[in-house]
Amino acid sequence: MEKNTIILAAGQGTRMKSKLYKVLHQVCGKAMVDHMLTQVEKTNMDHIVTIVGHGAEKVRELLGDRTEYAIQEQQLGTGHAVLQAEKILGDKDGMTMIVSGDTPLFTAKTFENLFEYHRQKGAAATILTARTENPFSYGRIVRNEVGVVSKIVEQKDATTEEAEIKEINTGVYCFDNQKLFAALHQVKNDNAQGEYYLPDVIGIMKDAGEIVAAYEMADFSESMGVNDRLALSKATKVMQRRINEEHMVNGVTIIDPENTYIDYGVEIGPDTIIEPGVQIQGNTKIGSSSVIGAHSKIVDSTIGNRVTVTSSQIESAIMHDDSNIGPHSHLRPQAEIGEFAHVGNYCEVKNAKLGARTKMGHLSYVGDADLGTDINIGCGVVFVNYDGMNKHHSTVGDYAFIGSNSNIVAPVTIADHSYVAAGSTITNDVNKFEMGIARGRQVNKEGYFKKLPVYDAALKAEEENNK
């Protein structure tokens with residue numbers, strides 16, 4: 001039997017107060033509609049149709065050919081939105097599930113259970129329901145004395161007795177595909193908003209004597225919809241807890257899960273330790289037995305095994321096995337740190353490679369350069385790579401030594417086994433076994449201190465200290 005899904009993603013989302021299309025707002029690094037599509041894909045659909053309207057091109061750009069699309073030109077209600085999929089699904093048999101693109105917390109397991117329950121019941125329609133102690137604002141599921149669904153009643157229309165019902169409509173449905181579109185053509189818009197509502201299909205099917213079932217899901221939190229920034233924050237918190245728990249189950253130590261922020265899709269190996277305040281975002285992979293120190297931020301990067309990151313920021317970079325960085329250093333895009341290499345405190349690396357066992361202890365900048373293995377970079381070294389118009393590249397060979405407070409003015413090549421004396425500004429190549437030294441010769445002027453303004457201040461301080 002064919003399985004289809006329609007994702008409703010045409011709403012404008014005015015309550016978000018945003019220029020960004022509502023379903024494109026992110027929850028843990030992934031757009032809400034992308035979360036939904038990912039879970040739907042896991043249930044092996046024959047057809048997936050996304051209903052788009054406002055912001056259609058941006059949704060298409062994000063989701064690509066993972067789904068088919070139908071356009072709702074006018075916002076005339078959820079029933080009208082589903083009807084736009086008829087030209088794609090109208091001649092199909094089987095089952096069709098309808099979900100919303102602004103409910104990012106649903107799981108594939110819940111959808112699989114819904115399809116199976118619908119099939120077992122032989123129903124024309126199955127409503128996905130949940131129980132909550134605070135059902136206010138949700139439609140209530142009214143059942144008869146034998147547990148069969150009688151109707152869905154909205155909050156504003158509920159009697160006092162009906163308002164006490166804890167079972168609510170999550171807004172997800174599974175239908176017999178042919179009966180769905182037949183019923184949609186009978187939906188009227190004789191309401192205050194002049195819209196065609198999808199839940200009216202349930203009443204039409206009941207009146208026609210069709211079987212209408214309800215499957216109660218286990219976790220109410222999955223059904224959380226996002227209509228404003230407050231709900232977005234709540235959904236993000238639920239998703240973050242889910243992500244962190246999955247990593248911990250898989251062998252990752254997260255010291256403070258409530259204050260650790262890991263995007264959906266991030267990969268972390270076992271025995272890695274994540275300290276409080278860490279943010280791990282985008283397409284990031286972290287190996288095993290690494291330590292990500294407090295308040296570090298890692299974005300779109302690959303971190304190897306046994307790597308230590310101490311309070312540093314890493315973006316679009318690579319750290320190979322057994323390397324370390326920090327505290328308070330920054331790897332910018334296209335930085336690559338070799339095995340056992342060391343980047344200490346207050347350093348920055350951009351579009352540059354540090355080879356294995358190369359050490360860069362403190363207060364240095366390496367940009368647009370290739371550095372070999374076993375190099376020592378002293379304190380305050382700067383690779384001068386920009387002439388005001390263009391970036392230029394430098395190369396440093398294996399076993400070289402770059403003395404403190406040196407400037408390497410690109411483009412230059414510093415060969416294997418060469419030495420740059422501290423305080424030098426290097427503008428020419430340094431060959432193998434050579435020492436490059438480029439600094440003014442020191443001259444000591446006898447008695448000159450007494451001619452300087454600071455001399456009087458120093459005498460006064462000395463007199464005060466000797467009293």
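Sequential numbering from 1, following the chain as shown.
The backbone N, Cα and C atoms fix where each Cβ goes, and this holds for glycine too.
The feature active site, proton acceptor is assigned by Swiss-Prot to His362. Following the DSSP three-state reduction, the secondary structure of His362 (active site, proton acceptor) is strand.
What Swiss-Prot lists as UDP-N-acetyl-alpha-D-glucosamine binding site is 8-11, Lys22, Gln72, 77-78, 100-102, Gly139, Glu154, Asn169, Asn227, Arg332, Lys350, Tyr365, Asn376. Listed in sequence order, the residues of the same chain lying 6 or more apart from Asp102 (Mg(2+) binding site) and placing their CB within less than 8 Å of its CB are Ala9, Gly11, Gly13, Lys22, Val23, Met32, Val33, Gly225, Val226, Asn227.
Residues or ranges marked as Mg(2+) binding site in Swiss-Prot (evidence: sequence analysis): Asp102, Asn227. Asn227 (Mg(2+) binding site) carries neither a helix nor a strand DSSP state and counts as coil. Asn227 (Mg(2+) binding site) has a Cβ environment of 14 other Cβ atoms inside 10 Å.
As annotated by Swiss-Prot, acetyl-CoA binding site applies to Asn385, Tyr386, Ser404, Ala422, Arg439. When secondary structure is read from DSSP and collapsed to three states, Ser404 (acetyl-CoA binding site) falls in the coil class.
Annotated region 'Pyrophosphorylase' per Swiss-Prot: 1-229, in sequence order, evidence recorded as sequence analysis.
The region 'Linker' annotation in Swiss-Prot covers 230-250.
Marked as region 'N-acetyltransferase' by Swiss-Prot on the basis of sequence analysis: 251-467.
Gly101 (UDP-N-acetyl-alpha-D-glucosamine binding site) carries neither a helix nor a strand DSSP state and counts as coil. Fewest other C-beta atoms within 10 Å: among the binding-site residues Leu8, Ala422, that description fits Ala422. Classification of Asn376 (UDP-N-acetyl-alpha-D-glucosamine binding site) by DSSP places it within a strand. Most Cβ neighbours within 10 Å among the binding-site residues Gly11, Gly101: this distinction goes to Gly101. Of all the binding-site residues in the list Leu8, Gly77, Gly101, Arg332, Ser404, the shortest Cα-Cα distance to His362 (active site, proton acceptor) is found for Ser404.
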